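The next block holds one structure in the form of structure tokens; read it before the comments.
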Amino acid sequence: MDTLKWLSELFWDERWWLPNGVKWADVTNGPDKTVLHPDITDFYYVIPLAIGLLVLRYILNIYCFIPLGLALGIPNKKKRNLRHIPALESAYRKNALIKDTTALAKQLDMSERQVERWWRLRRNQDKTSSLTKFCEHAWKTFYLLFSTPTVYYIVWDKDWFWDLDKCYTNFGKHELTMDIYWFYLVTMAYMISLTITYFYDVKRKDFWGMFAHHIVTILLLCISWIINAFRIGIVVIVLLDLTEIWLEFVKAIRRAYFEKLATSLFIGFVPVWFYTRMYLFPLYLYSTAIRSMVFWGHIAALYVVNAMLFVLFFLCVYWSVLIVKVVFNTFSSGVPRDVRSSSSEVTEAEEVDKLLLSNSR
């Protein structure tokens, strides 16, 4: 017990978390305090909020998004039952693109045509229906449709939003208003809900990159809350959410076959993305990496926050490269296509199937 107590005291040592001269008592709520501070016990509300968002998503899927998608003509292809053949399943898991049908056919005493057909049906099982993809994008659009205007309304008249140095001055005396309080907790809950469903949602080529984004964002929100740096977290949300709602809406309407509208909105989305993610975000990184230390000094928690912000920035750079590829695809085909789509969705895979079938005749 003494060891655990020592480790706990070491972990929560003020020198890791707070600027010089600031004590935990200075940023802890109490009857003698006139300013509300973030408290680690506030995290108790996050999990129930996340569960509530998951329930809301399920209800909206059943009663709103699925009926809307079907009304818009989005197909909901049901997966066909497929006989389980262990040898083929093992070969498929090693490489989803079929290579040597002859060897597999001889090994299993099947015709090459039967192997090819099983392989095609097996890969179709891994595909996600267009309706499922539409529902995912519709849910994210629905949430962001409320959260994005809300956060802009909250920060628009705040002087620290326009002058980032004021995010760092008077540490421990930043008033936590109830609108920021609940917005912060709901944002944490939303990110946790996305992480919970992540392994069941549509899988794309940047699967682990997006998963890292979710984890880093949650940690960033939690640490900034603990060290009373919620202003930093709010500004990050403002910078990044503006393009998120735009992107999710474009994806949703493209699934609904409004391709001309999707293309037009995507063309407008691209400059906003690069302005916020590749111009404003680096300026903000300079503020948190350099200016914050002028006011707060060199505290360990701030290094962690900055490291996570740089991870988010490098992910933005990676996605910017993908967006450039989408732009080239759009100008060549006229339709914006998500280059992050899973390999099971790529047209080349379908062409391989057709080639195999034609060779088997």
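The backbone N, Cα and C atoms fix where each Cβ goes, and this holds for glycine too.
Nobody curates TrEMBL annotations by hand; they come from automatic prediction.
For 43-74, 137-156, 180-200, 207-226, 261-280, 300-328, the entry in TrEMBL reads transmembrane segment. As annotated by TrEMBL, domain 'TLC' applies to 132-332.
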(Q) When you look at the transmembrane segment (300-328) alongside the transmembrane segment (43-74), do they share 3+ Cβ pairs under 8 Å, ignoring any pair fewer than 6 residues apart in sequence? (A) no
Q: Give me the mean pLDDT over the domain 'TLC' (132-332), rounded to a whole number.
A: 90
Q) Which sequence positions outside the transmembrane segment (261-280), separated from its termini by at least 6 residues, show Cβ-Cβ distances below 8 Å to it? A) 239-240, 242-243, 246-247, 249-250, 253-254, 313, 316-317, 319-320, 323, 326-327, 330, 334-336
